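Following: one structure in structure tokens, then a few remarks.
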């Protein structure tokens, strides 16, 4: 037993080193060397070993990122050195004045600056003791911040242990939400009738102040760290060298910074980034300029509010005035009615803008938006066009107040507003708009990725009665497509090939494509990898679901409700019969013998060495099948602690009952 325990300990330590190495490759170097599936395999193996040997669990284990308990609140914690805000510069003149002040304090000395991107997020502080992450906090008022350690640990870009055992290090940076995650989050909130986040910064701040860390974990946040706040021991001599050292420690820094020898170089570098800021996958609202020499920083010192050795250059907000030509309603795949303003086209943030979402009736009323109004338009977080305000003083008397329809503009059914939600919804489950938007979502790039099946052809197929739901797509024939507008022989053949190819997509893609409320792309992948098959997910209990990291009660309830409906069960059955993949393939270094091929298992009770999902995965990897109920077709019932009625039924039917020890032996058979 001692040898076995030592082997487990050695394997756990090796797995942690390997997982941390891959985190460093992915988040710090941006050079991943393994697939997501291979990474998940390593994590699952580590989880299994730690469940069997809880004495081996350590605070810095990659498995400890998402805590299970909901917090009651956040306590205040002091910063060792105040987290001061920066003074602002709004033009070239302000930058040159900053340079003049710096040089007046350092007469005759060479001054170099480091210029960095100003990430539009939430300022955070991380404490490491002997290389281990022990605390994470917000900036707060600069003197006191909020302890949000449990939420910051869910961000995979933050290392739980550094590559070197530094006695004490406080490092400061910015937590942010990528643009694509912000768009998906707001789309999901809009469909759910929840208030929208105004920009990625607010979304990041709101996500980090969640009392339930599972919600934070599902929000796909990231970080860039940009400075040493406090350190026990010697600092590198310059800010640029500090950034390089932080990177060596495994801390993620932004690579797009530059050392400049003059204020002219600073201004040139800022101009370059002002022109290409919209190409970034995250929002920036300016640039930060710092004196490079830490010794010079020390002599320059600070005022009561901000350091003398740094300044933030703020990009001007890109806004434009347009006319609201009309307000139209779009019905989404969950029945939400979303008003959209049709605008006179204007140039904004590098694109032509002709539409702006108005989100819901409340926002239209709050801003008193009318058809015909002159409106100030900007892009929220440089992404989504929005109306900031209208100009009542410019009204001519011909403007028309907008009234949300009481019936669905697509099907004529009653529209209701659910208590506690901002959204109005169509009450018709068979609304044609819901079907259309559901199919468009199903074929989208992040879901089943069926190239060539755009909104136009989907509308034609629906109008022609050929397609009512996603399963109908797999019944389409060449003759059906060639008759559609703008569909020639070649495009019809290519589309049929794309539909056929989509049958081999991952289970995660299919789950996301089904459009289950609150189940985003990330949650779909997690569910697919955890359960391994559609059948297993459909049989999952609420307890099974909420026991998964990043799956909270709201998602669990939505999944249970979706699979309880007969029409959805029928849709999945038809997709399966059409040949659509219902399994999540796991990449394995060695092929597993199919020793359980054709055998049906039921697992009941609590197993010591396996979670329910792990036991199921082990059976399915060997060719077996797992059922949620005992019948005459069941071959084995695996019994853990507190098994319940399934154990009794198995005895009555004379089915072979396996203890956990028996089950392990069966799995080990060659």
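Each Cβ is built from the backbone N, Cα and C atoms, and glycine gets one as well.
DSSP classifies residue 86 (NAD(+) binding site) as coil under the three-state reduction. Summarising the annotation, Swiss-Prot assigns NAD(+) binding site to 36, 37, 38, 39, 40, 85, 86, 116, 139, 174, 290, 314 and lists sequence analysis as the type of evidence.
Of all the Cβ atoms in the protein chains shown, 21 others lie within 10 Å of the Cβ of residue 118 (active site, N6-AMP-lysine intermediate). The active site, N6-AMP-lysine intermediate feature in Swiss-Prot is assigned to 118; the stated evidence is sequence analysis.
For 408, 411, 426, 431, the entry in Swiss-Prot reads Zn(2+) binding site, with the evidence type sequence analysis. Counted within 10 Å of its Cβ, the other Cβ atoms near residue 431 (Zn(2+) binding site) come to 21, all protein chains included.
The residues of the domain 'BRCT' (591-670), classed with DSSP into helix (H, G, I), strand (E, B) and coil, number 28 helix, 16 strand, 36 coil. For 591-670, the entry in Swiss-Prot reads domain 'BRCT', with the evidence type sequence analysis.
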Under 8 Å by Cβ from residue 426 (Zn(2+) binding site), counting only residues of that chain that are 6 or more apart: 331, 335, 337, 408, 410, 411, 413, 414, 415, 433, 434
Pairwise CA distance, residue 36 (NAD(+) binding site) versus residue 118 (active site, N6-AMP-lysine intermediate), rounded so that it is a whole Å: 30
Where does residue 38 (NAD(+) binding site) sit in the DSSP three-state scheme? helix
What count of other C-beta atoms do you get within 10 angstroms of the C-beta of residue 36 (NAD(+) binding site), across all chains shown? 13
Determine the most Cβ-crowded residue among the binding-site residues 139, 290, using a 10 Å radius around each Cβ and all protein chains in the structure. 290
